[in-house]
Amino acid sequence: MTRIKINARRIFSLLIPFFFFTSVHAEQTAAPAKPVTVEAKNETFAPQHHDQYLSWKATSEQSERVDALAEDPRLVILWAGYPFSRDYNKPRGHAFAVTDVRETLRTGAPKNAEDGPLPMACWSCKSPDVARLIQKDGEDGYFHGKWARGGPEIVNNLGCADCHNTASPEFAKGKPELTLSRPYAARAMEAIGKPFEKAGRFDQQSMVCGQCHVEYYFDGKNKAVKFPWDDGMKVENMEQYYDKIAFSDWTNSLSKTPMLKAQHPEYETWTAGIHGKNNVTCIDCHMPKVQNAEGKLYTDHKIGNPFDNFAQTCANCHTQDKAALQKVVAERKQSINDLKIKVEDQLVHAHFEAKAALDAGATEAEMKPIQDDIRHAQWRWDLAIASHGIHMHAPEEGLRMLGTAMDKAADARTKLARLLATKGITHEIQIPDISTKEKAQQAIGLNMEQIKAEKQDFIKTVIPQWEEQARKNGLLSQ
């Protein structure tokens, strides 16, 4: 027995230097960093994909800014305490992706790379530079830190390398070679049984759009992007998932409710609608095949309204004329908008009534079931309206979600009336004048003059520094 112990000790003593040497040697000869093959400068690919590039560049014509808060000031109250109450414009062309996220009041006016209200994740759907940085630094390296850290790096507008494997021989030959450039999107597709590599061509066409046109949240300390699809893709499934992990995007400053903010869930709503169920893809409607001057077919990258290309989009499947289909879509849009406004009115009252209950001394336990109803009502409303095309993608699902939102909001207000009565408040809670965006912002205590002044200073001083640094580093062509 003693001999065995001695031999074991001798063997161990001989192995220690070996392990030490091997460990040190491994550190010294670590595999080189993976080469960065993502080229973010979109103009690089103009020679091979000339027509596609020019049509993509034409998204700069989609330049109109539409102020959604001015159109509907109720939104300011629903998002009280959240950056969306400051500024929310309807989407413009892809050519404005970087400009719009830089200039929105939501991203604040950071003075340095560690300053500002938002995380790096807020760049994730804006630029092929995101794919480049993820390849270069890994996901943890990319997501780490504040949004301002990415300013000098994320400078090219949403484009080629977001959807295509631009480093592949196939792409160099003029073929599409689609890819999921965001690893978190690939994981989400796998979670719902749709691994990209095994998907058919039609599925892949919509999946690349679904990297960004989708609901997501910021997870963990690094605020990494994750899709909440673990329990399914319907509004109730995602609501259940968020409740299970006790996630909230922010706390409404009036009702003190932990809230959820839907993003832009076009992939989910398209999947639930008649087009998705019949494998009519995003590309079929928004990026149809068109002819160039020589008669050659190519995919139009000026992503837009299908009615603008009726003969190449809707008319491929529908026998009705353009006017007839536009009438149907307009009626659906009006129905959804009418119910949307009714839900918003209920939620506005619920937030102010909840504030009155809290001011009257309502306890956390008394407020919990009410706040749950407000949270769920607004989540369902938001998922329906955040997808700007739901009247086309899934009108029935949109109306269903808004209907359940109305029920939840009514439940909250019924409970609030009972609770307020126990506090001696039986009169109607007065709502301040929120008839304009400015009045609504004043009602929730926003100092918009200061916020706008700080942003203008940021635009004039910080953004030029970012662009100068990007040019020095070869990240911008001009």
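Each position is counted from 1, following the chain as shown.
Cβ atoms here come from the backbone N, Cα and C positions, even for glycine.
Keep in mind that what you see is a predicted model, and the values were worked out from it rather than measured.
Per Swiss-Prot, signal peptide is recorded for 1-26, and the stated evidence type is sequence analysis.
Annotated heme c 3 binding site per Swiss-Prot: His94, Cys209, Cys212, His213, in sequence order, evidence recorded as sequence analysis. In the structure as shown, the Cβ atom of His94 (heme c 3 binding site) sits within 10 Å of 21 other Cβ atoms.
When secondary structure is read from DSSP and collapsed to three states, Lys126 (heme binding site) falls in the coil class. The heme binding site feature in Swiss-Prot is assigned to Cys122, Cys125, Lys126.
Under the three-state DSSP scheme, Cys160 (heme c 2 binding site) falls in the helix class. Note on Cys160 (heme c 2 binding site): other Cβ atoms within 10 Å of its Cβ, all shown chains, come to 27. The heme c 2 binding site annotation in Swiss-Prot covers Cys160, Cys163, His164, His301.
For Glu215, Tyr216, Lys261, Gln263, the entry in Swiss-Prot reads Ca(2+) binding site. Around Lys261 (Ca(2+) binding site), a 10 Å sphere centred on its CB holds 19 further CB atoms from the protein chains shown.
Counted within 10 Å of its Cβ, the other Cβ atoms near His264 (substrate binding site) come to 18, all protein chains included. Per Swiss-Prot, the feature substrate binding site maps to Tyr216, His264; the stated evidence is sequence analysis.
DSSP classifies His318 (heme c 5 binding site) as coil under the three-state reduction. The feature heme c 5 binding site is assigned by Swiss-Prot to His275, Cys314, Cys317, His318.
Contacts of Cys282 (heme c 4 binding site) defined by a Cβ separation under 8 A and a same-chain sequence distance of 6+ are given as Gln205, Ser206, Cys209, His213, Glu266, Trp270, in order along the sequence. Look at Swiss-Prot and you will find Cys282, Cys285, His286, His393 tagged as heme c 4 binding site, backed by sequence analysis.
On its own chain, Lys126 (heme binding site) has Ala97, Val98, Val101, Ile154, Asn157, Leu158 as residues at least 6 apart in sequence with a Cβ closer than 8 Å to its own Cβ. In sequence order, Cys125, Leu158, Gly210, Gln211, Glu266, Ile303 are the residues of the same chain, not among His94, Cys209, Cys212, His213, whose CB sits within 8 A of the CB centroid for the heme c 3 site. Taking the C-alpha atom of His94 (heme c 3 binding site) as reference, the shortest distance to any of the binding-site residues Cys122, Cys125, His264, Cys285, His286 belongs to Cys125. His301 (heme c 2 binding site) sits 8 Å from His286 (heme c 4 binding site), taking the CA atoms of both as reference points. Residues within less than 8 Å, Cβ to Cβ, of Cys212 (heme c 3 binding site) and separated from it by at least 6 positions along the same chain comprise Ser124, Cys125, Leu158, Asp162, Arg182, His264.
According to DSSP, Cys285 (heme c 4 binding site) is assigned to a helical segment. Neighbours of His301 (heme c 2 binding site), defined as other CB atoms within 10 A of its CB across all chains, total 21.
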